[in-house]
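Copied over from TrEMBL:
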{"type": "DOMAIN", "residues": "4-208", "note": "domain 'Amidase'"}
{"type": "COMPBIAS", "residues": "218-227", "note": "compositional bias 'Basic and acidic residues'"}
{"type": "REGION", "residues": "218-248", "note": "region 'Disordered'"}
Amino acid sequence: MPGSFADQVRHEPGRLRIAFSRRPADGHRVHADCLAALDDAVGLLAGLGHELVEADLPGLTPDVGDAIGTAYGAYVSWILAYWIRELGREPLTRAYWEHGLRLTGGDYLLAVTTLQHFARTTARFLSPFDTWLTPTLAQPPLLLGEMTSTEDEPLRAAERSAPFVAFPAVVANITGVPAMSVPLYWSGSGLPIGVHFLGRVGDEATLLRLAAQLEHARPWADRRPDRPATPTWHDPAAGASLEEGPSP
């Protein structure tokens, strides 16, 4: 990519061919707010002159999900074998570690082969498009504690997240292609609902240019919650109380 990432936001993206999908990878129900965010983004992009084509990503089958679990288990068992005494084990991490201990080298290599095959399928799917648009998540943000594993239910976080992360934002992790989540839509209760753009291999420039165009068309820097997450902080030097805490 010529130039720096920062340079790209100063350039227009041109007219892009954007695929989009309403269908989650695993068939879970999609919340109406998440679909509304997608439809809103499709309308905004069409208004900016881009071509929108509805298309579902092929190849995201159950064996890919199984391969992800195998790869995670093998990785966690490898890294914890060294650090186990220093780090301890959270329930979900322990569950992946124990799963990894039961895996063979053949299991791991088969999982890697499955994920590599899926990465090539994704690259072929993206070849006629500049980017692929979906909701970032299938459900609005969860309440604190809803994805916490326990000693009795070590896989609770993974199981609870399945319908929440039903759209394949994880595809970027599997394939290494660039991706971005953009806060273009807010629910009726004031929660940001993201839409997700998956780019082609090595084409960060298109996403950065598109992000700049979208932020210009639909600014979000001024969107602040009515109730800040941080408590009021008093700055003795300024002699005033600030709504936000000090910068790290």
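The backbone N, Cα and C atoms fix where each Cβ goes, and this holds for glycine too.
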Residue counts in helix (H, G, I), strand (E, B) and coil for the compositional bias 'Basic and acidic residues' (218-227), per DSSP? 0 helix, 0 strand, 10 coil
Over the domain 'Amidase' (4-208), work out the mean pLDDT and round it to an integer. 84
